[in-house]
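Here is what Swiss-Prot says about this protein:
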- GLY10, ALA11, GLY12, LYS13, GLY14, THR15, ARG127, SER136, TYR137, GLU199: ATP binding site (BINDING)
- 30-59: region 'NMP' (REGION)
- THR31, ARG36, GLN57, LEU58, VAL59, GLY85, PHE86, PRO87, ARG88, GLN92, ARG160, ARG171: AMP binding site (BINDING)
- 126-163: region 'LID' (REGION)
- CYS130, CYS133, CYS150, CYS153: Zn(2+) binding site (BINDING)
Amino acid sequence: MRVILLGPPGAGKGTQAKLISEKFSIPHISTGDIFRANIKEKTPLGIEAKRYMDNGQLVPDEVTIGIVKDRLTKDDCDNGFLLDGFPRTVAQAEALDEFLKGINKELDVALLIKVPEEFILERMTGRRVCTSCGASYHIRFNPPKIEGKCDICDNELIQRKDDTEATVKERLEVYSKQTYPLINYYKDNGIISEVNGTESIDEVFGNISNILGRDK
């Protein structure tokens, strides 16, 4: 089972990726994680990626693709994998497809978790975190007993900069520009499947399991 996971920020991809990985016994490959691992281990590609990042530049596709390719050739990917955070563009998707075709491991499913923008805004802008113990809350879905105060240590709750409305809208705009062409690419290839990400975690995972079960 070889899967690409797509969806906007705040769609719950991380939660679902963990559940998919456990149920179907395939590694969850997050591009952020493998970048950090390559940089930490000082691999040739990691050193090159760090050089661009230290200069405030985007890491070129050939470096990113090289890091992903290297990870996909590991033994734990023999029976499948779940890719999260890559590809981000059609050019990256084409390069990935060419590589996978060459090793007879073509993608089975591009799984899209669909969530309306207004739902994501409510979900992300409502998040609050304790300045002291790090406990997480949500002003609507998981509110503290006393507004603005942590239930555990009574310290102040704050909204992280990443969760402000302006930041969330900016991230959604970037996602739309990058990912809509990618969604159409996988639609044209006939491998995209969509699930409603506004349902509960269990309901979303149940729908995902049905899709992946069909494609096994």
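Numbering starts at 1 and runs along the chain as displayed.
For all residues, glycine too, the Cβ spot is worked out from N, Cα and C.
Sequence features, as recorded in Swiss-Prot, placed on the structure.
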residue : record              : DSSP (3 states)
GLY10   : ATP binding site    : coil
THR31   : AMP binding site    : helix
PHE86   : AMP binding site    : coil
ARG127  : ATP binding site    : strand
CYS133  : Zn(2+) binding site : coil
CYS150  : Zn(2+) binding site : coil
ARG160  : AMP binding site    : coil
Residue numbers, six or more beyond the limits of the region 'NMP' (30-59), whose CB comes under 8 Å of its CB atoms
17, 66-68, 70-71, 83-86
ARG127 (ATP binding site) has its Cβ surrounded, within 10 angstroms, by a count of other Cβ atoms equal to 18
Which residues, in sequence order, are found in the same chain with Cβ within 8 Å of the centroid defined by the Cβ atoms of CYS130, CYS133, CYS150, CYS153 at the Zn(2+) site, excluding those residues themselves?
THR131, SER132, GLY134, ALA135, ASP151, ILE152, ASP154, ASN155, LEU157
Looking only at C-alpha atoms, tell me how far ARG160 (AMP binding site) is from CYS130 (Zn(2+) binding site), rounded to the nearest Å.
10
Average the pLDDT scores across the region 'NMP' (30-59) and report the rounded value.
90
Including all protein chains displayed, how many Cβ atoms other than that of CYS130 (Zn(2+) binding site) lie within 10 Å of its Cβ?
20
